[in-house]
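K.L.:
Before I ask anything, here is the structure I am working with.
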Amino acid sequence: MASLNLLVGVSLVYVAFLFAVAFAAERAAVRGRSGWLRTPLVYTLSLSIYCTAWTFYGAVGYAARSGMEYVTIYLGPSLVMIGWWWVLRKLVRIGRSQRVTSVADLISARYGKSNTLAIIVTLMAVVGVTPYIALQLQSVTLALSIFSGPPDAEGLNGLNPLSAGFWVAGGLAVFTVLFGTRNLNANERHDGVVIAIAVEAVVKLVALLAVGIFVVWGIAGGIGPMMERIDASALGTWELDRSRWAALTVLSAAAFLCLPRMFQVLVVENDDERHVQIASWAFPVYLLLMSLFVVPIAVVGLNLLPAGSNPDLFVVSVPLAQGQTGLAVLSFLGGFSSATSMVIVATLALSTMVSNHVVMPIYLSLKSGGASMSGDVRNVILLARRLSILLIIALGYVYYVLSGGSGALAAIGLISFAGVAQFLPAMLGGIFWRGATRLGALSGLCLGFAIWVYASLLPSFGQDAVLPASFFEVGPFGINWLRPYAFFGIDGMDPTVHAVFWSLLMNTCVFIVVSLLTFPKPLERLQGAQFVNVFDHSGQARGWHASVAASEDLMIMAQRILGASEAQALFRTAAREQGMTGHLPEPTPAFLERLERELSASVGTATAHAMVSQMVGAASVSVEDLLAVADESAQMLEYSSQLEAKSAELSRTAGQLREANEKLTQLSVQKDAFLGQISHELRTPMTSIRAFSEIMRDAEGLSVAEKTKYASIIHVEAIRLTRLLDDLLDLSVLENGQVSLNSATGPLEAVLDHAVITAQASGDGRLRVTRDNVAGDTMVTTDLDRLGQVFINLITNAQKYCRAAAPHLEISVHADAKRLAVEFRDNGTPIPDAARALIFEKFARVAEGDGSGAGLGLAICREIMARLGGDITHVPQAAGNVFVVQIPRRQVLAGQ
Amino acid sequence: MDKHVLLVEDEVNIIEAMRFLLTRDGWKVGTHSDGATAVSAIRDARPDLVVLDYMLPGKSGIEILTELRALPDFAGLPVLMLTARGQSRDRDLAERAGVNRFMTKPFSNAEVLNAVRDLVRA
């Protein structure tokens, strides 16, 4: 009989050995000789932390109690590894490209880096894993109790399970703190821990195989007799519960992916994606070996040991009962290894989550001084990690104490599995479905977890411990369909199946429905695309292998794109990091990837990749790369053609502005000319009036004839002045459109009669006016006074400017369906062609000095006819001039 | 001996008034009313003083003055320019062309008589 002291001593030596291995591994890693640390074998062995003390001890107990059902906990992970290795590969790729540190980090990062999700997942993981840690405490304590002495009549022995559990918990805590938090790695990877758990994996496999071989060949006497024993035992004949079988397979598969410690070794500690492929067959082989002797040990244990012996301990108690103390100690060490490796990795993973997602955000917001990653903060993180480890193990111990340390190991393990399996919908949905949203994940997780707590965790403390017994019989507050083991009144389901079924079903449904109903924020959308399409985005697939690139060439290119100083800084930093003295680093794949990232910020990802490809001479510019470059170029072309269009538009606008400016300048010149003209027209008669009035006032001895002559000059000039002012005002009113037109209907003949009489009254009577073709019944509807004014002006002009020996003006009327034309034909000198274009402009006179007109008459005529909707034109003639006034039949008054 | 003044002006009434005033003041008055032929008329008449209108048919007063100043014999001939336009830019143009005196219409008779006396005495 091994004494307890010996056992504790052996355990301590074993732990010291593990320390030495871990320390050596880390030393090697620091020196850069870590190649052997990160091999597919080590990766596969590190996955064996799936096989905890539960598997080591509990599988045999499970088999002894429930027959072949124990296989499910091996089957689930094997199916995942063999059938779903591509899911693992995707997880590993995402984990590496996004620098994910934990399950909580993964889910939070996928859903828009949500801190809420990170905290919730962290808390769920802590709660979910707590029973599991309790399980390890329980199994180690139970194993110790076997060595401490035979059970007495009351089933108790010399060892107090609570105090033993406390010491085991304390030991594990110290062990984990020392192992996992000796220093802080930026990438949350632990070379020492990984190698230590790989060693432990070997120890537990060897121990279990040794016990199995001893049982088959040492006790049963070979394979044949062993098979007979198995056939004879009741174990092989137990019916399988199909629903439990399916549910447990799914559950263990889900847990394998979701357990924080599994995520830690699968994803975070993964060094090379290719290791996943090897592990996909190697790990199932390991599991097969682990499960190989479970049934024989269970059968032999049931045969040999007295009824009532705890089947969970057969692995230790069978060799012990056969006097094989050494084998029993080895077996104990195997179980101890299983427990310690699980606790170390699980608490490391959880403490990373707790410190990263709970403690540090709170600490940083409290400090709020923008604390940088100084040594100060590093110490805070380390302290947070250590305290988290202690807290998590303390929680496990509390659960162990509260649950009485009595439940079967497998049952406790399944509770944990169901808890962490709640992460599965959010995790798988997140990496395969871009439509998954933060709110969907949050709702699904919370509901699934709530169901798990209510239907699985709380009942595990025993009826009436937390939930009153009435809950199980009639439901909470009498609500029958909410009984923890029979939701919606569906009785008769196995409690584990029940909890798994409802929690995962509701979790998944709510996750999908809420995701469909909500819209992701931009960051979620972005992250979603990066996760779902990780193989298109991440750098590793097209990483750099060639190292033939000349650093100088890269430098020249980088300077062109990034600018000289920035490029030099980048290269210098990289060189320093590589431990080189110059300013040119080695073109390592890592550096090339970094350079490509920097360049892509300026020129786009595809172009940057193509450029670096060209430089390193690696012929890895794929068709896809080229197409992506083409896309970018097309975008640039489109952009530049947009720019061209813009610039054309701008120059058009500029042209329009120039035109407008010219017009304004012209208008300004015209205005000056106009003002000069008006001034001239007004000042000239005033000059005569002033001069003659002064002469008449001052000069002495003026004859009566002279006085009369000068007075009449003053009179004429005054009239001229008045008429000028009248014309100017009239023209101004007409031009501004402020004229009021009085439409009336009258005979055209009457208007002409009146005009001729008025004009001739002021003329000298030399002009002979004749009229022809005037239809007496032609009626016009227009402003008759204004029309008459046009006629008067034309007749007056003929009087003034017709220089013929016998001045003659012939007025004729031509009518058609649409309009009337009144023609004024004189026999004067034809207006020269050069002047014709101007005669209707203001102050335009064919020749200066002929007559007293200011040159406003025809301008006024043109304005009036425009208002009346008609027209006035000058028709060139071989002899004489013809002015045609056109009047619309149906008068449209254009005036206001 | 009477001084000779040439009026280059197209407004008949203004010619009438100026002729009356200047004749009474002891001037020998000649007139010309066409801008285009004004320069040769001045060369032929060789007056002691020219009273030049700004706006003339055929050629403006400024053009006539500029041509006149280009002739050596007439570079120093006193010229009084009269304008009815009343814009300050015109005065600048006239002064640059070499006018001796610039007056805006209408003016008082005394004013214009003083001006012509000043110009010939100087």
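Using N, Cα and C of the backbone, Cβ positions are placed for all residues, glycine too.
Features from TrEMBL:
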- A:643-670: coiled coil (COILED)
- A:677-891: domain 'Histidine kinase' (DOMAIN)
- A:41-64: transmembrane segment (TRANSMEM)
- A:70-88: transmembrane segment (TRANSMEM)
- A:116-135: transmembrane segment (TRANSMEM)
- A:164-181: transmembrane segment (TRANSMEM)
- A:193-220: transmembrane segment (TRANSMEM)
- A:245-263: transmembrane segment (TRANSMEM)
- A:283-305: transmembrane segment (TRANSMEM)
- A:325-350: transmembrane segment (TRANSMEM)
- A:383-402: transmembrane segment (TRANSMEM)
- A:408-432: transmembrane segment (TRANSMEM)
- A:439-457: transmembrane segment (TRANSMEM)
- A:499-519: transmembrane segment (TRANSMEM)
K.L.:
Cβ under 8 Å to the transmembrane segment (A:193-220), counting only same-chain residues 6 or more beyond its ends: which ones?
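P.N.:
Tertiary neighbours of the transmembrane segment (A:193-220) are 18-19, 21-22, 25, 37, 41-42, 45-46, 48-49, 51, 56, 179-180, 226, 229, 265, 269, 286, 289-290, 292-293, 296-297, 300, 304, 315, 318-319, 322, 324, 327, 330-331, 333-335, 337-338, 340-341, 344-345, 348.
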K.L.:
Would you confirm whether the transmembrane segment (A:283-305) and the transmembrane segment (A:408-432) meet the contact rule of 3 or more C-beta pairs below 8 angstroms, pairs 6 or more apart in sequence?
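P.N.:
Judged by the Cβ rule, the two regions do not touch, with the required three close pairs absent.
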K.L.:
List, by number or range, the same-chain residues at least 6 past the transmembrane segment (A:499-519) whose CB is under 8 A from its CB atoms?
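P.N.:
Here the qualifying positions are 247, 250-251, 254, 418, 421-422, 424-426, 429, 433, 435-441, 443-445, 447-449, 451-452, 455-456, 487, 493.
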K.L.:
Of the stretches A:116-135, A:383-402, A:439-457, which racks up the most C-beta pairs under 8 Å with the transmembrane segment (A:41-64)?
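P.N.:
Stretch with maximum Cβ contacts: A:116-135.
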K.L.:
Which listed range (A:164-181, A:245-263, A:325-350, A:383-402, A:439-457) shows the maximal number of Cβ pairs under 8 Å with respect to the transmembrane segment (A:70-88)?
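P.N.:
Of the candidates A:164-181, A:245-263, A:325-350, A:383-402, A:439-457, A:245-263 scores highest.
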K.L.:
Do any residues of this chain, six or more beyond the ends of the transmembrane segment (A:245-263), have a C-beta under 8 angstroms from a C-beta of it, and if so which?
P.N.:
47, 49-50, 69, 72-77, 79-80, 84, 87-88, 91, 102-104, 106, 125, 129, 342, 345-346, 348-350, 353, 414, 416-418, 420-424, 427, 494, 496-497, 500-501, 504
K.L.:
Do any residues of this chain, six or more beyond the ends of the transmembrane segment (A:383-402), have a C-beta under 8 angstroms from a C-beta of it, and if so which?
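P.N.:
Contacts of the transmembrane segment (A:383-402) (Cβ under 8 Å, skipping residues fewer than 6 from its ends): 126, 129-134, 136-138, 162, 165-166, 169, 172-173, 176-177, 180-181, 184, 343, 346-348, 350-352, 354-355, 359-360, 363, 461, 465.
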K.L.:
I'm a bit unsure how to read this: which one of A:116-135, A:325-350, A:408-432, A:439-457 has the highest number of Cβ pairs shorter than 8 Å with the transmembrane segment (A:164-181)?
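P.N.:
Between the stretches A:116-135, A:325-350, A:408-432, A:439-457, A:325-350 has the largest tally.
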K.L.:
Cβ pairs under 8 Å with the transmembrane segment (A:439-457): which stretch of A:116-135, A:325-350, A:408-432 has the most?
P.N.:
A:408-432
K.L.:
When the pLDDT values for the domain 'Histidine kinase' (A:677-891) are averaged, what is the result?
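P.N.:
Average per-residue pLDDT within the domain 'Histidine kinase' (A:677-891): 83.
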K.L.:
Which residues, given as numbers and ranges, are at least 6 beyond the ends of the transmembrane segment (A:116-135) yet have a Cβ under 8 Å from it?
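P.N.:
Sequence-distant neighbours of the transmembrane segment (A:116-135): 52-54, 58, 103-105, 107-108, 259-261, 342-343, 346-347, 350, 353-354, 356-358, 392-393, 395-397, 399-400, 403, 409, 412-413, 415-416, 419-420, 422-423, 438, 441-442, 445-446, 449, 452-453, 457, 460.
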